[in-house]
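Visitor: TrEMBL lists these features:
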- A:Thr196: active site, nucleophile (ACT_SITE)
- A:Thr159, A:Lys185, A:Thr196, A:Glu283, A:Asn406, A:Ser411: substrate binding site (BINDING)
There are 2 protein chains.
Amino acid sequence: MAAHPVSPLAPKSFPDLPPVAGVRFATAEAGIKYKNRTDVLLMAFEEGTVAAGVLTRSKCSSAAVDWCRATLPAGVARGLVVNSGNANAFTGVRGRQSVAMTAEIAARALGCSTGEIFLASTGVIGEPLEAGKFAGVLDETATRLGDTPWIEAARAIMTTDTYPKLTGAVLEIDGVEVRINGIAKGSGMIAPDMATMLSFVVTDMPVAAPVLQALLARHTRTSFNAITVDSDTSTSDTLLAFATGKAALDPIAGLDDPRAEIFGQALADVLFELAIQVVRDGEGATKQVSIHVEGAVSDESAFRIAKAIADSPLVKTAIAGEDANWGRVVMAVGKAGEPADRDRLAIRFGDLTVAKDGERAEGYDEAATSAYMKGEELDLTVSLGLGAGKATVYTCDLTHGYIAINGDYRS
Amino acid sequence: MAAHPVSPLAPKSFPDLPPVAGVRFATAEAGIKYKNRTDVLLMAFEEGTVAAGVLTRSKCSSAAVDWCRATLPAGVARGLVVNSGNANAFTGVRGRQSVAMTAEIAARALGCSTGEIFLASTGVIGEPLEAGKFAGVLDETATRLGDTPWIEAARAIMTTDTYPKLTGAVLEIDGVEVRINGIAKGSGMIAPDMATMLSFVVTDMPVAAPVLQALLARHTRTSFNAITVDSDTSTSDTLLAFATGKAALDPIAGLDDPRAEIFGQALADVLFELAIQVVRDGEGATKQVSIHVEGAVSDESAFRIAKAIADSPLVKTAIAGEDANWGRVVMAVGKAGEPADRDRLAIRFGDLTVAKDGERAEGYDEAATSAYMKGEELDLTVSLGLGAGKATVYTCDLTHGYIAINGDYRS
């Protein structure tokens, strides 16, 4: 893989996440595809850890996704194995065998059953993944488990990512400190469909699996499912959450527990921050763009219009060129296939109204709008004037960098 | 507008189309946006000319599209005015006034009613179009009407097109020669939705308006509606067909007339050739790609899968990089949201089977596949193994050229 310059939107520093009781991890260099970097992450959870997950809806989902789909209903986790460099997707019978063998090796190393092992793979699609490569590596890795530093976990799962993605939250519930740590990877083939590329969140909050699942699904909608880099949905999208239950609190047994709201909001913040980090490391990205749609007939309709704008190559290239080309936003609204009345449409770039009532706004100031476009974080708002539906989609621009990265990614 | 290099896929020569009895035209420099080139096309049809058309389904359609939608049901044409450089889209009341005024000026110049005038505009969205600019120009242009050369008509309607697009057919029906001439323009914002950017076809065949309309709609499906450059659907897509009826034949009054089939096939050939020319001049294009999907549950399903592949930035950049990255084709099939069984999927690049039964094909030859990717015209075939549905979508690759053209198009 060619090395690509670090995204100009990369964070200036990375958080030093605290340990989460009940989880230890280690990384290793299995040499699956990359040289001189880690490409395997092994996490071990103490007994009593529950799991929840959101997986891709791709009709060509990877073998690891299929494995998680089968494992999730039990909601019990003791281990997680993630590898980068090979997605083990579209690898047929050998892919399924590889997944089963990896789970067996991990279960033996961690002393649990294979049904308690979760798996995720990311990288090239269609290349068989040699499970043999994991055998010695996982055994050895299991002898080095620790509870920090989380940035190493984030590093081991990167592919074309130019920086590791991690964040956390520490909250207090009934006087007890509760922690949530999360990692994610991007950065192309990003248009998650009820999931994301890969993201893993761990908390020590005692919470029943169905509650964790409900909270995860709810907050995925406005985080990972509200981002798009290139409209391409991965075969491997996987978001898993693990709750070790080690915080000294009674478990949240139902969504009607008032603590579900407090914990859920902290979880939402972590998911949102990770999702935004994925956008900011979108392949070739130089700008982060929030597309707000309001006044739609429903939230779902607003989302689809926002997605059409965020996925439009013409809108994205205009933003890359710092061109306040709001006509292309009109085009994208028009093609979305959702209810829209051209003659009620208004568009704002930041606070600047550029179009109103179906035409260029009176007093439209091209110079001010062009100046606004030079910013690194942009807000585009479309008001449809039809109803109360609203949604926001987060995206990045489309630059020469994207073409360069994807014209020679596999070779 | 910056000048961009001519597409490497441009035709080596242009056809010298013969006159079509009953139509004359002239072009002019109105200076709407471009300097030192024609930007207005005026066509005059003799009495008895019938019209048919297919227009964009964009919810933000241009004023000219709205005008044609209102005019088409009568099916009678005496004049066509096309301008490039300004789409007169999202221009509100002024856009509607501009269109009405242009129709009045043209009707006066040609001595007909405004309801017999068809209009199309292409270029920047959101800039008011000064109809005043047309007044003198159209009067003067009307004095220079001729029946050739058609290439000048094709040139006047270009925007970011790097070459004029024209083709024709001459067929014999009952011993009488019948002609069909057509022109079109591209070349970004191309994902026509029941229409195309702009295309105009003229024939001397006597044919009833409803028959012409039916044939046009039927053959748009496999020509203009089967192409995509960038998945962005224009506000201005317009395909109009005019039949002057000057060939010495009885009119085709119904689709059950056996001549409808013969004429329809020639019309289909003209539409297809124009559509392919649009793809070959797709912004930044260096390769023409045909995406074939077979074995789908229905033709519609096959089309949507083919479109998902053709619109995928990751597939398009891989093709630009001459990378036989069929894993990205798997990804695009997976995200299409249509019935697909991963484990029955087969993929061919040209005649080379790269994947079969849900995994890399036995005997897959990376060197041969890479060599195939160096070609200028590529065929990618996906076999789903589910049913008899099939479809083909025509597209081009996604290159640095697209980014360069669209990062500074408006300024």
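Quick reminder: no glycine exception, Cβ is built from N, Cα and C everywhere.
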Visitor: What residues, ordered by sequence, lie under 8 A Cβ-to-Cβ from A:Lys185 (substrate binding site) and sit at least six positions away in the same chain?
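Guide: In sequence order, the residues whose Cβ lies under 8 Å from that of A:Lys185 (substrate binding site) (at least 6 apart) are A:Ser84, A:Thr122, A:Ala154, A:Ile157, A:Met158, A:Thr159, A:Asp161, A:Lys165, A:Met197, A:Leu198, A:Ser199, A:Val278.
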Visitor: Checking interface proximity: list the binding-site residues among A:Thr159, A:Lys185, A:Glu283 whose CB sits under 8 Å from a chain B CB, in sequence order.
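Guide: Near chain B - Cβ to Cβ under 8 Å - we find none.
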Visitor: Among the binding-site residues listed here (A:Thr159, A:Asn406), identify the one with the smallest other-Cβ count within 10 Å.
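Guide: Among the binding-site residues A:Thr159, A:Asn406, the lowest count of other Cβ atoms within 10 Å belongs to A:Thr159.
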Visitor: In sequence order, what residues of the same chain, 6+ apart, have a Cβ less than 8 Å from the Cβ of A:Glu283 (substrate binding site)?
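Guide: Once residues fewer than 6 apart are set aside, A:Glu283 (substrate binding site) is near A:His4, A:Thr160, A:Gly186, A:Ser187, A:Gly188, A:Val229, A:Asp230, A:Gly401, A:Tyr402, A:Ile405, A:Asn406.
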Visitor: Reduced to three states, what secondary structure does DSSP give A:Lys185 (substrate binding site)?
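Guide: Once the DSSP labels are grouped into three classes, A:Lys185 (substrate binding site) ends up as strand.
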